[in-house]
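A.B. asks: OK, Swiss-Prot features for this one:
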BINDING   D47, L48, V49, D66, K68, E124  GTP binding site
Amino acid sequence: MKGLRLPESMREELAKPHGKLYRGKGEKLLLEVEEISEAKPFCTVGDLVTASAIKVGLTPDLAVADGKTLREENVEFEQEAFDEVIETTNPPAHISCELISALLKALKLCEDGKKVLVFVDGEEDLAVVPLVKLLPLGALILYGQPGEGVVALKVDEEKKVLILNLLNKMEIIGECDELKYLLGGD
């Protein structure tokens, strides 16, 4: 598997919320996230956040999910809410070249007005990292903060610089064109 591996030393830094934390539980919490209305595109990472968004009528332009929450229980949501489903693989604590490729394909489809689900065999948690780098300024990523609520991460120049610094600290476990693009291209 080619891509990036998260070193143990970075796990604590990436576990912190990197956006505005909305505390609470349940679908109604998403209705409090005022950033959704102005975000283009609006993205979710994680099954519970994606399922909750769909339930309250806020189907994301791009969702990344793996069918599980906290790596255990299955979470079901309406895949029919999406125009396209792209399947990919990504091991825990990695950003695989396959995941980067799937995200790039999904973003092209989103540009054409399609709603896209990237379904990951493995783990989707770290998808937030490449998404910040790949999404345009003004995009919004919602992801779960275990035991606390939902994080609304608005993509801006500051976040892009932060993420590029984090990406460059990760361990390269095999190069691919998508990885070169992620680390250096814009």
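Quick reminder: no glycine exception, Cβ is built from N, Cα and C everywhere.
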A.B. asks: The record names D47, L48, V49, D66, K68, E124 as the residues that bind GTP; what is their largest Cα to Cα distance in Å?
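C.D. replies: In whole numbers, the farthest two Cα atoms are 12 Å apart.
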A.B. asks: Once near-sequence residues are set aside, which residues in the chain of E124 (GTP binding site), 6 or more away, have Cβ atoms under 8 Å from its Cβ?
C.D. replies: V45, G46, V64, A65, D66, N90, V118
A.B. asks: Who sits close to V49 (GTP binding site): which same-chain residues at least 6 apart have their Cβ under 8 Å from its Cβ?
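C.D. replies: Listed in sequence order: L30, L142, Y143, G144, V150.
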